[in-house]
Amino acid sequence: MASAVSRDDELVVKSPNDNRSYRLLRLANGLCALLVHDPEIYADGCPVPNPSEDVDMENEDDDDDEEGEDDDEEYSDEEGEDDDDEEEEDEEDEDGSEPKRRKEKGGSEPVIKKAAAAMCVGMGSFADPPNAQGLAHFLEHMLFMGSSEFPDENEYDSYLSKHGGSSNAFTETEYTCYHFDVKREYLKGALDRFSQFFVSPLVKAEAMDREILAVDSEFNQVLQSDSCRLYQLQSHTCSHGHPLNRFTWGNKKSLVEAMGSGINLREEILQMYTSNYHGGMMKLVIIGGEPLDTLEAWTMELFSKVKAGPLLDISPKTNMPFWKSGKLHKLEAVRDVHSLYLSWTLPCLHKEYMKKPEDYLAHLLGHEGKGSLLYFLKAKGWASSLSAGVGSGGAQRSSYAYIFEMSIRLTDSGLKNLYEVITAVYQYLNLLKQSDPQEWIFKELQDIGYMEFRFAEEQPPDDYVVDLAENMLFYSEKHIVAGEYLYEGWEPELVKHVLSFFHPDNMRVDILSKLFDKQSQAIKCEPWFGSQYIEEDIPSSLIESWRNPGQIDANFHLPRKNEFIPGDFTLRNASIDKSLNDDNPRCIVDEPFIKLWYKMDSTFNVPRANTYFLISVKDGCSSLRNSVLTDLFANLLKDELNEVLYQAYVAKLETSLSVVGSNLELKLYGYNDKLAILLSNILAASQSFSPKIDRFEVIKEDLERAYKNTNMKPMSHSTYLRLQVLREIFWDVDEKLEVLATLTFSDLAAFVPELLSQLHIEGLCHGNLSGEEVIHISKIFRNTLSAQTLPEEARHGERVFCIPNGANFLRSVRVKNDPEENSVVEVYFPVEQDVGKEATRLRAITDLFSNIIEEPCFDQLRTKEQLGYTVDSSPRMTYRVLAYCFRVMSSKYSPVYLQSRIDNFINGLSSLLDALDEETFEHHKSGLIADKLEKDPSLSYQTGDYWSQIVDKRYMFDMSKLEAEELRTVRKEDVISWYDTYIRSSSPKRRRLAIHVYGCNSDIAEAAKLQEQSWTAIDDVKSLKVSSQFYSSLC
């Protein structure tokens, strides 16, 4: 076997608290690998290697998964959505949808970590030929379609699926990343299959047409995304010849047209692969529990076969202008927003990663305290939020330039005063240019960065390998782990140099707004998304005024020193025998007014704490009007607290305040040193809360937009519609919008004292806190809040619709956004209420059924039938009612057809389960057990698991361990019996609720056809609920 050209076990700088070992390996073919030994993966002892462990796995049955699927999300109602833009409200939370149920951990049984690997190849969409746009993304898809060594298209994904793993890939502008995770003992077999992507992919001609449809479906998912439309407009209007001036997604049109113009697409892909997929372009990361020598031997055996090539060159490219200056681009928005985007191109700063001048400027331009730009704009009533900085995407951090973007969410008044807003931006920039760069600000950022490095929370291995592989492209080998955290070498002249690029002749202005002049003769159309936009000249007099903004407004000044930066990093468990520490949270305060659960961390040993509180308020959602007033109160309170919350956020002590069902949910999480101080501030502000008329009007306008933007995504819409049917009390967002319009300032002022007059708090304090500190937290609540105790009978409990046996309910609705092409079908099968002795076993069997059928479902409905890009099947837990759900989103087919294909697949499951051999069944079972016992990667993951038990009032903190124990005794016959009872069409107990969301390409009149097939249409949800039975409330 070939030997490595070089290896180094000491070069990589790691955190003092990181117990992993790192080896940097350079192969003769130019490939650079970072091998990571994690001793916790085999904390129970490393197995003796078995060279033939994978031999009889290679010819197993043809299950298929696909890149982009993730096996981790169980009982979820929120997976599968692409984020639309950074300003978007979380639509699923808008009306209290059920929280995600993830894998809860606990108990004394050994927990298990997975192994993972990632490969970054230094070529991305900037390499697309002009006549075949999207080719790099298409190549990424095609590498999953089999190799010479493993010719079956589904071999890689099938292997991962059977061994508790998952895979994904993504194409950036200048690199492409492939990654996977897998049950620890199957790392070698997974690497064997993975390595063939980079050695001998088949790029099968017969798979190309199908994968073009997959790329097209993926593009259609973002067709109505405002952020994607803006990005493409910026690309479309970029200077001709610039690599950004292209269509990076690719779709059926771009790829089929390439073939239609005489291009042999397969030859183009092979040429792109041959030119770029060689060792010199590749950065590999492997995390395993095996010794570094073993990981090295595997790397040499499998990746030495990659062909050699010259080393990747990431040095800055030619200084080509991105955009014409002096232009205003007005883009018609899909959602109801007014967003201003100001972009400045900076030189490529790859080599300045330790000095981070762009982050220094982002800290100041994006600050939210007194004296800041946002504080000024909010006082004027012109803006509600602002963010600034160089994004993490490849287009924002390319070798051609860094793009610094300021995004300002404007009010109606801000839109009218657009140019005054930009004038304020240049006044603040002038303040920065006239003030010398401040070393104390750099030192604050340096202290926070080192603190984050020293006490970094561990990520899931799949995420960590991706981060490291990306870091290998941009940081020196020494700083692969530390580069993103550390600030070293204060250079004020570098800050001044970067600041010099912030001038109007180097600025692009985009305005994204629903208020768009559709009658204008100047309207143009971006060809790929079909977005309408107008390009205008900015008056030269304005540009001149921005060059010389004159006197700086007296309200502008640099931020004050941050009082929330922690200084005490003492671990509270240092003086405690960890073997005596509770495995699970215990109730430490149990009083009528407040109940607190507590667990001191003895696993992660970081000076962090997570404190979550569910605050039951008086009549918060007892009526439609009260529900809207509660939303207003929560948003106004956050607005009032914004300055102090932002300072704490910068110091890595974060807060979230949201309305969840009928309760307020308050979360404080981060470094524990100043946590109690922050909590005191928040509670004092709520106790003395007195709304201000000017902020009321702005926040009311914001809430109106949030309501209008709810359900703009079809997937979110289907979830919303299902919950609207299932929950006994559910206030419709359109009705909330009508009520909001009638509410006055005096209505809110009268409501808040009544809302807060009676409260009950239940909370969890987890992490680096002593029992005394937790009791002190309970006293902060009691001493600060003057409320009486909310009686137990007045606390709202959720009740869920008990669908009768044999019933088939259908809710059919058009998409909210008229041009939306995607349709969604969601088919929901209730199982049982999650209560009683058999509940744990029922959950375990439901999970196992999901584990077995998830990949065949994806293979059949997406890969073979190409119904759409999003196909999933998984359990649901809706306020302690267990169910199973199938879901498909398609821009091509109608809901009636999608329903027929889902039904066809479900009817075929009987044969699939019957044909499942015992060995494959045991693989699925052991993989799921490993999932249940997988170690939480960080304190925040573990807190989330504990918190879901408290919110659900189940308090079964070792639930995953108990489910794993149940799984050991589950037989194939148990899964078949479960299917026959709850899913099979002939079962008298089977019940269904189907949600059909009709895209613009489908005719909702087709829904009548289904009523002839024993479906009962739901035309009036309220009438249905009046005559229905509901499960008793458990939470």
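Glycine residues also receive a Cβ, built from the backbone N, Cα and C atoms like all the rest.
Fair warning: this is a prediction, and the values are worked out from it, not measured in the lab.
What TrEMBL lists as compositional bias 'Basic and acidic residues' is 1-12 (among others).
Look at TrEMBL and you will find 53-96 tagged as compositional bias 'Acidic residues'.
The compositional bias 'Basic and acidic residues' annotation in TrEMBL covers 97-107 (among others).
Residues annotated as domain 'Peptidase M16 N-terminal' in TrEMBL: 110-233. Secondary structure of the domain 'Peptidase M16 N-terminal' (110-233) per DSSP, as helix, strand and coil residue counts: 59 helix, 23 strand, 42 coil.
Taken from TrEMBL, the feature domain 'Peptidase M16 C-terminal' covers 266-446.
What TrEMBL lists as domain 'Peptidase M16 middle/third' is 453-738.
What TrEMBL records for 848-947 is domain 'Coenzyme PQQ synthesis protein F-like C-terminal lobe'.
According to DSSP, the secondary structure content of the region 'Disordered' (1-20) in residues is 0 helix, 3 strand, 17 coil. As annotated by TrEMBL, region 'Disordered' applies to 1-20 (among others).
Residues or ranges marked as region 'Disordered' in TrEMBL: 41-109 (among others).
Among residues of the same chain six or more beyond the region 'Disordered' (1-20), those with a C-beta under 8 A of the stretch's C-beta atoms are 26-28, 34, 36-40, 287, 292, 296-297, 300-301, 304, 453-456, 477-482, 605-606.
On the 0 to 100 pLDDT scale, the domain 'Peptidase M16 middle/third' (453-738) averages 95 in this prediction. Broken down by DSSP into helix, strand and coil, the domain 'Coenzyme PQQ synthesis protein F-like C-terminal lobe' (848-947) contains 61 helix, 19 strand, 20 coil.
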